[in-house]
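Visitor: Below is one structure. I have some questions about it.
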Number of protein chains: 4
Amino acid sequence: MSYDIRDITLAERGRQRIAWAARHMPVLNQIKDEFAREQPFQGRRIAASLHITTETAALLSALHAGGAEVALCASNPLSTQDDVCAALAESGIAVYACYSEDLTTYQQHIEQTLALDPHLVMDDGADLIVEVHNRSQGSSVVAGIEETTSGVTRARALAEQKLLRFPVIAVNDTPTKRFFDNRYGTGQNTIDGILRATNIFLAGATFVVAGYGWCGRGIALRARGMGARVIVCEINATRALEAVMEGFQVLSMTEAAPLGDIFITATGMSGVISEQHLRQMKDGAILGNSGHFDIEVDVAALRKLATSTTEIRDHLSEFRLSNGRTLYLLAEGRLVGQVAAEASPAAVMDLSFADQALSTRYLLQPDLQLPPAVYDVPPDIDERVAQLKLQALGIKLDTLNESQLAYQHAWQLGTVAAS
Amino acid sequence: MSYDIRDITLAERGRQRIAWAARHMPVLNQIKDEFAREQPFQGRRIAASLHITTETAALLSALHAGGAEVALCASNPLSTQDDVCAALAESGIAVYACYSEDLTTYQQHIEQTLALDPHLVMDDGADLIVEVHNRSQGSSVVAGIEETTSGVTRARALAEQKLLRFPVIAVNDTPTKRFFDNRYGTGQNTIDGILRATNIFLAGATFVVAGYGWCGRGIALRARGMGARVIVCEINATRALEAVMEGFQVLSMTEAAPLGDIFITATGMSGVISEQHLRQMKDGAILGNSGHFDIEVDVAALRKLATSTTEIRDHLSEFRLSNGRTLYLLAEGRLVGQVAAEASPAAVMDLSFADQALSTRYLLQPDLQLPPAVYDVPPDIDERVAQLKLQALGIKLDTLNESQLAYQHAWQLGTVAAS
Amino acid sequence: MSYDIRDITLAERGRQRIAWAARHMPVLNQIKDEFAREQPFQGRRIAASLHITTETAALLSALHAGGAEVALCASNPLSTQDDVCAALAESGIAVYACYSEDLTTYQQHIEQTLALDPHLVMDDGADLIVEVHNRSQGSSVVAGIEETTSGVTRARALAEQKLLRFPVIAVNDTPTKRFFDNRYGTGQNTIDGILRATNIFLAGATFVVAGYGWCGRGIALRARGMGARVIVCEINATRALEAVMEGFQVLSMTEAAPLGDIFITATGMSGVISEQHLRQMKDGAILGNSGHFDIEVDVAALRKLATSTTEIRDHLSEFRLSNGRTLYLLAEGRLVGQVAAEASPAAVMDLSFADQALSTRYLLQPDLQLPPAVYDVPPDIDERVAQLKLQALGIKLDTLNESQLAYQHAWQLGTVAAS
Amino acid sequence: MSYDIRDITLAERGRQRIAWAARHMPVLNQIKDEFAREQPFQGRRIAASLHITTETAALLSALHAGGAEVALCASNPLSTQDDVCAALAESGIAVYACYSEDLTTYQQHIEQTLALDPHLVMDDGADLIVEVHNRSQGSSVVAGIEETTSGVTRARALAEQKLLRFPVIAVNDTPTKRFFDNRYGTGQNTIDGILRATNIFLAGATFVVAGYGWCGRGIALRARGMGARVIVCEINATRALEAVMEGFQVLSMTEAAPLGDIFITATGMSGVISEQHLRQMKDGAILGNSGHFDIEVDVAALRKLATSTTEIRDHLSEFRLSNGRTLYLLAEGRLVGQVAAEASPAAVMDLSFADQALSTRYLLQPDLQLPPAVYDVPPDIDERVAQLKLQALGIKLDTLNESQLAYQHAWQLGTVAAS
């Protein structure tokens with residue numbers, strides 16, 4: 001089996017860390033056991049572009065256990081953990097990724113991964129899906145799965161422009177993914193990434209969150225939980241009102257720019273922090289991004305404004321501006337929790353990757369006929385994942401008795417009849 | 001004009017309190033001005049069954065200003081404010097309601113209200129909608145609006161059983177209603193109702209919330225905000241997981257029953273606190289409900305278990321049980337925030353009632369042809385309400401520039417192409 | 001026995017409500033049983049000036065059970081509950097107080113209370129202590145107890161000016177009082193008072209707290225817990241820093257005045273909200289006070305600025321200013337939680353009043369010889385109260401074993417020796 | 001100048017990181033400038049035993065700038081940052097420390113540091129103070145400063161046993177230290193250390209905090225802020241009650257041991273998590289310590305119970321127990337925030353180290369005559385530090401006007417006279 005990784009001797013370290021993650025993924029472990037018994041992927045080839053973390057290793061291991069041939073590349077040049085690559089390569093997965101690879105290598109690795117001629121592409125950011133669409137017709141791909149907001153946006157754009165060639169499940173949008181991984185997972189990993197890169201004091205800091213979607217909500221919640229004073233910027237009125245009523249200050253970025261000590265974007269949109277905003281910021285302001293692509297902070301504008309740039313700590317670059325102020329950029333503007341920390345923890349990726357694993361099985365059923373479109377995770381998969389997680393946590397739900405089940409349909413019972 | 005209220009001399013007091021509420025309802029005020037100019041309801045008759053609060057008065061006043069003839073009855077025998085009834089009656093609205101009316105009178109008042117022969121029924125709990133359906137065909141009703149979860153459930157049951165005779169808009173389900181009024185409104189009014197009825201100390205109390213829908217979320221959030229230790233009971237796995245990850249303890253009601261100091265139901269379901277649970281509870285436990293109907297705590301079972309019952313404070317009844325323990329019931333098991341406090345505050349009802357007002361205009365358009373079914377609030381109404389509220393709060397949103405608008409469709413831009 | 005109260009027929013209602021409070025005061029109940037057995041107050045006379053609430057009734061009942069002759073007047077003209085007065089009068093306590101009495105009557109009631117010729121004066125605000133000092137020498141008073149910050153300040157001023165005639169215990173300052181009653185008790189009762197008086201929506205409101213002592217901390221904490229955005233004003237640098245690091249915005253009152261929707265003072269200082277601040281405030285701002293005296297908001301300045309004044313709801317007055325804006329004052333500027341709600345709940349007053357009860361016994365020991373000065377509660381009383389409360393809550397503490405007790409003195413054990 | 005460090009070539013990296021920390025220490029910077037001008041330490045020798053972090057470097061640099069000759073050793077074998085040592089050595093400070101040195105080397109380094117024959121010893125854990133006392137009389141030491149709870153306990157034990165030879169200032173106990181560094185600093189660095197060592201998911205985890213002093217409060221606060229469900233264990237009744245009323249569950253460690261997912265000690269006491277507790281714990285439980293010495297978790301007992309021990313990630317050791325369960329230990333039981341993360345952030349160490357710097361100047365005044373005892377930081381130093389920090393943050397305090405200053409002494413002004 002072929003692979004292209006940093007250093008195969010890191011495999012043992014990788015296996016130890018993967019085992020630690022797997023301890024906290026009981027749902028995925030149960031699905032892996034099921035896959036190992038049932039071999040649903042015999043003869044199937046899966047290509048994946050993912051953040052190569054210990055949790056990702058656990059997912060691929062489950063697919064592999066189910067009989068799939070698997071190839072893997074990065075979904076971001078800075079989120080690859082080289083020891084994980086080594087462990088995966090030794091376990092028989094064709095890994096093409098190194099931490100901090102340049103974009104040319106990144107692209108080559110995509111191509112090497114697609115050389116598997118996969119039946120299914122599994123994406124975090126849609127780089128594989130798009131690469132397949134950039135090529136002339138003729139691949140074996142029958143389905144795709146997309147894990148993150150930015151990638152779903154790309155898949156939907158393909159679909160709107162009638163270009164999408166195969167069905168794609170938007171795992172990102174399913175409740176057991178976005179309520180948990182996006183909110184609490186990204187919330188935690190963003191704080192973690194900021195602290196590892198800066199050791200900055202959050203208590204009393206003015207923390208600006210751009211975007212109050214599920215990721216932004218989680219970041220705002222955790223920043224407040226660490227003692228920061230949080231300001232939210234939004235483009236959507238209902239979300240902005242929710243932020244207000246959670247007690248956050250809501251301002252436009254133009255208003256917030258001169259106030260913030262720390263800025264984190266989580267929007268999926270380009271140019272959220274623009275040159276104009278950069279010019280307004282306080283001396284010492286720290287900028288970072290938790291969205292998939294490095295386009296939310298206008299890094300090019302920052303470079304243009306700077307008279308010097310220095311990496312002063314791992315994942316922390318200092319930009320001295322010609323206006324006399326100094327700004328600091330986290331993780332080159334790439335997702336700070338994936339790059340400067342270790343991405344979302346295993347216990348929450350357990351949900352997202354269980355959704356991925358079960359959606360993969362669903363999409364690779366021999367007799368499935370789905371027209372090209374973006375689909376939700378089938379609700380029974382979502383529900384099963386939630387149920388399995390609760391069982392693993394030892395939590396009991398209430399259940400409706402017969403009288404209660406009947407009550408749901410008893411429209412006659414109102415103020416007078418029911419009392 | 002006819003009415004049946006407690007005491008018309010309370011009108012001045014009612015007007016003062018209504019004016020205070022109206023101060024905090026800028027969106028509804030703006031809609032009222034629009035209605036006054038445009039007279040969209042000329043010749044239209046509207047019957048409403050609502051909690052008769054100062055905020056409700058502001059809504060009906062807007063409809064009345066728009067040319068409607070309006071009749072009003074209660075949506076709960078204990079949530080009527082007699083001074084508001086007096087002020088409304090003096091302003092030309094046909095009010096049939098008194099605080100603490102018995103169920104026979106409650107039913108008579110529904111009938112007097114429907115005697116208006118309305119074109120539209122506006123409900124909070126669906127008592128009017130159901131009463132129309134209990135009658136043989138032949139009313140003038142062309143549409144309904146329903147405000148609360150329990151009422152929407154009844155309307156949907158009618159629709160599922162193919163019995164629904166006219167379109168009903170589920171205002172309850174629209175984002176600008178349920179995210180705000182259900183969550184933050186009910187959250188606050190439930191705490192308020194508990195405090196007015198008991199003056200109990202919440203810091204350190206074990207507070208059990210049954211149901212983690214929007215209302216339950218708000219109650220749990222505010223109970224924690226007042227220092228309580230919160231336990232959540234749920235029947236839905238995803239909601240239960242959300243509660244876990246917010247840091248709440250999640251237990252079945254059977255597990256929670258012996259632990260709680262205070263129990264609040266917000267489920268829309270009957271018998272959530274059953275005889276079995278009541279038998280397990282600690283001496284001194286306090287029980288209340290924030291759902292629409294008084295069926296969530298099994299009050300009949302509580303009465304059966306009790307050897308004596310005494311009202312020891314307003315809206316607080318003491319039940320001495322044969323097992324030697326004493327339990328306390330809030331507001332006779334009716335929605336504690338509406339009965340023991342004053343329902344959701346004006347600033348949040350501003351959203352819900354703006355939705356109601358604009359949905360009423362939408363449904364009474366002369367040329368609207370909607371088949372009988374339960375409908376969402378039209379998204380442009382929801383969006384407009386959110387926008388108006390933000391404007392009233394003086395909050396500015398970010399907006400997308402042309403380059404950003406284009407980015408939304410640029411599926412080609414990924415890790416390599418966008419960097 | 002003599003008394004002067006509103007209406008003796010309210011006694012039954014008072015007894016019911018007192019019984020409800022007493023349910024939540026297990027520590028005081030246990031002390032009362034002890035007093036009843038030991039009769040420490042035989043032949044002793046105690047005069048008290050307190051907020052006449054159900055919890056106060058429980059305290060006086062404990063002293064009375066211990067053999068004391070007790071007379072009682074109000075500590076604030078608006079915090080008297082007439083039904084409690086009736087119940088106390090029927091139980092043999094000489095009560096001189098009515099809700100909303102004028103200041104002349106208030107003063108007469110102080111004098112009638114002191115006509116008991118007490119051995120001990122128990123104060124909340126120091127009106128009895130000061131009245132004794134306003135008179136020429138010759139009273140039987142051997143000791144005083146003071147419950148609140150403002151009263152302790154007065155007692156300390158007397159001591160500093162060498163005028164204090166007898167020892168005074170500052171119950172206010174003892175940990176089991178100020179950490180709990182001042183912080184969590186006042187925190188809750190302030191929110192409660194605001195809600196009862198206004199039904200205002202706290203989520204998203206800008207809430208200004210003047211003073212970040214224990215009361216102010218509690219108010220800020222609970223206001224945030226209800227969803228408000230909190231601004232803190234302080235005069236002390238360390239307290240201000242604490243507020244910053246809790247994530248609150250810290251501003252001077254001049255900066256905060258134009259921003260707040262709600263202002264609450266908790267400083268013990270006069271003129272905290274001055275005419276200049278009133279002129280800057282937004283239309284619709286609500287002002288209230290949680291400090292003992294009605295001097296923190298400059299009500300005289302507010303009246304001077306106003307062209308009209310109307311009470312539009314109970315405990316809510318509207319002031320139309322000549323600058324076109326309208327301001328709203330809670331509870332006439334008197335402590336809003338005591339006047340518009342029911343003061344701190346029983347479960348927390350259990351601590352404060354247990355401190356009072358045991359400090360009273362301590363001060364009335366026949367052989368105690370304390371020079372005139374302001375004293376702390378003896379630490380063993382404070383510790384016993386905390387221990388009893390935990391026992392009543394069923395909470396177990398860890399205890400140190402012998403090896404751990406020895407470790408406390410083993411200074412030799414450091415990095416090397418202990419490892 | 002002599003030193004003993006890992007690698008002098010790390011100096012440039014150290015300087016960059018120190019510069020980053022110094023950016024966030026405006027108070028210390030201002031004091032450093034003052035020291036540089038005034039040279040208060042000319043001819044004085046200072047020996048320090050501290051966590052060798054970038055913030056510590058800023059402190060020593062200020063003393064050095066003031067004319068002192070400085071020698072430095074570690075205060076913990078695992079909290080030394082080798083690049084900081086290199087930068088300090090190059091700047092002329094005699095550093096004797098390497099990350100992960102063994103205890104023999106640790107002791108040698110203490111001795112090399114004391115070979116400076118210092119006038120003042122500056123300690124974090126009291127290893128220098130104790131070493132001086134372990135020797136026969138005759139040193140030049142005239143004063144000591146102690147930074148942490150565990151060290152203050154040792155100094156107080158020396159004083160109680162009448163053995164203390166010179167005055168020691170307990171910087172740990174001063175408000176600007178313990179309210180901020182202990183609470184918010186340790187709160188943040190503990191979370192940070194846990195995340196770096198484990199990448200564990202905190203949302204929904206059961207997090208047990210042993211000790212509810214200032215450090216424990218901060219840890220509990222931040223653990224909750226990250227979504228954990230927090231259980232507190234305490235030996236002091238008042239602190240336990242505070243934890244209850246903050247909404248935490250309070251249990252004995254025996255009750256908590258089988259419930260926790262994560263346990264953190266912050267007590268200053270030995271054997272807080274004992275063999276008996278370890279036997280009760282769930283499979284997978286994670287144990288760590290934030291107290292100064294590695295005696296709070298009984299690591300010896302853990303080793304005894306284990307059949308195998310493996311370091312599976314940096315600062316995370318796996319112990320397989322003979323009862324079939326696996327437990328995980330953070331940072332070998334040493335303070336997790338110092339070892340696995342980077343200790344408290346610069347912005348909060350700015351306060352603690354400003355206290356240290358000014359206390360050092362105070363203690364080295366030529367004419368100071370203080371008997372041997374443990375002293376508080378002089379209040380004017382504490383107040384100045386708080387004031388400087390607020391100025392640096394650009395925060396304005398309110399100030400009392402003349403009328404308000406007079407009010408503080410006006411005991412005559414009560415309910416009647418003041419109204």
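Easy rule for this one: first residue shown is 1, then count along the chain.
From the backbone N, Cα and C atoms, a Cβ is placed for every residue, glycine too.
Pasting the feature list from TrEMBL:
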BINDING   D:Thr53, D:Asp124, D:Glu147, D:Lys177, D:Asp181  substrate binding site
BINDING   D:Gly213, D:Trp214, D:Cys215, D:Gly216, D:Arg217, D:Gly218, D:Glu234, D:Ser290, D:Gly291, D:His292  NAD(+) binding site
DOMAIN    D:182-343  domain 'S-adenosyl-L-homocysteine hydrolase NAD binding'
Visitor: Give me the count of other Cβ atoms within 10 A of the Cβ belonging to D:Asp181 (substrate binding site).
Guide: 29
Visitor: Would you count the other CB atoms within 10 A of the CB of D:Gly291 (NAD(+) binding site), including those on all shown protein chains?
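Guide: Result for D:Gly291 (NAD(+) binding site): 28 neighbouring Cβ atoms inside 10 Å.
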Visitor: Given the recorded substrate site (D:Thr53, D:Asp124, D:Glu147, D:Lys177, D:Asp181), which additional residues of the same chain have their Cβ within 8 Å of the Cβ centre, ordered by sequence?
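Guide: Nearby residues not in the site list: D:Leu50, D:His51, D:Thr148, D:Val171, D:Asn172, D:Gly185, D:Ser344, D:Met349, D:Ser352, D:Phe353, D:Gln356.
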Visitor: Give me the count of other Cβ atoms within 10 A of the Cβ belonging to D:Asp124 (substrate binding site).
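Guide: I get 28 for this one.
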Visitor: Compared by Cα position, which of the binding-site residues D:Thr53, D:Asp124, D:Glu147, D:Lys177, D:Asp181 is the closest one to D:Arg217 (NAD(+) binding site)?
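Guide: When the Cα distances are compared, D:Asp181 comes out closest.
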Visitor: DSSP three-state call for D:Gly291 (NAD(+) binding site): helix, strand or coil?
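Guide: Going by the DSSP assignment, D:Gly291 (NAD(+) binding site) belongs to neither helix nor strand, so it counts as coil.
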Visitor: By the criterion CB under 8 A from chain C, which of the binding-site residues D:Thr53, D:Asp124, D:Gly213, D:Arg217, D:Glu234 would you report?
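Guide: Among the binding-site residues D:Thr53, D:Asp124, D:Gly213, D:Arg217, D:Glu234, the ones whose Cβ sits under 8 Å from a Cβ of chain C are D:Glu234.
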Visitor: Spatially, which candidate from the binding-site residues D:Thr53, D:Asp124, D:Asp181 is nearest to D:Glu234 (NAD(+) binding site), comparing Cα atoms?
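Guide: Minimum Cα distance from D:Glu234 (NAD(+) binding site) across D:Thr53, D:Asp124, D:Asp181 lands on D:Asp181.
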Visitor: Let me check the 10 A CB neighbour count of D:Glu147 (substrate binding site). How many other CB atoms are there?
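Guide: For D:Glu147 (substrate binding site), the count of other Cβ atoms within 10 Å is 28.
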Visitor: Measuring Cα to Cα, tell me the gap between D:Thr53 (substrate binding site) and D:Gly291 (NAD(+) binding site) in whole angstrom.
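Guide: The separation of the Cα atoms works out to 17 Å.
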Visitor: Compute the C-alpha separation of D:Asp181 (substrate binding site) from D:Cys215 (NAD(+) binding site), stating it in Å without decimals.
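Guide: On Cα coordinates alone, these residues lie 8 Å apart.
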Visitor: Work through the binding-site residues one by one (D:Gly213, D:Cys215, D:Gly291) and name whichever has its CA nearest to the CA of D:Lys177 (substrate binding site).
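Guide: Among D:Gly213, D:Cys215, D:Gly291, D:Cys215.
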Visitor: Quick check for the class: what is the C-alpha distance, in angstrom and rounded, between D:Gly213 (NAD(+) binding site) and D:Asp124 (substrate binding site)?
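Guide: Computed Cα spacing between D:Gly213 (NAD(+) binding site) and D:Asp124 (substrate binding site) is 18 Å.
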Visitor: Could you state the whole-number distance in Å separating the C-alpha atoms of D:Glu147 (substrate binding site) and D:Gly291 (NAD(+) binding site)?
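Guide: Here the two Cα atoms are 13 Å apart.
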Visitor: Applying a 10 Å Cβ distance cut-off over all chains shown, what neighbour count does D:Lys177 (substrate binding site) have?
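Guide: The answer is 28 other Cβ atoms.
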Visitor: In which DSSP state, out of helix, strand and coil, do we find D:Glu147 (substrate binding site)?
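Guide: In three-state terms, D:Glu147 (substrate binding site) counts as coil.
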Visitor: Cα of D:Cys215 (NAD(+) binding site) to Cα of D:Asp124 (substrate binding site): how many Å, rounded?
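Guide: D:Cys215 (NAD(+) binding site) and D:Asp124 (substrate binding site) have their Cα atoms 15 Å apart.
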Visitor: Please give the substrate site's span as the largest CA-CA distance among D:Thr53, D:Asp124, D:Glu147, D:Lys177, D:Asp181, to the nearest whole angstrom.
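Guide: Site span for substrate, by Cα atoms: 17 Å.
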Visitor: Cα distance, D:Gly291 (NAD(+) binding site) to D:Asp124 (substrate binding site), nearest Å?
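Guide: Taking the Cα atoms only, D:Asp124 (substrate binding site) lies 11 Å from D:Gly291 (NAD(+) binding site).
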Visitor: Look up D:Arg217 (NAD(+) binding site) in the DSSP assignment and report helix, strand or coil.
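Guide: Helix, per DSSP.
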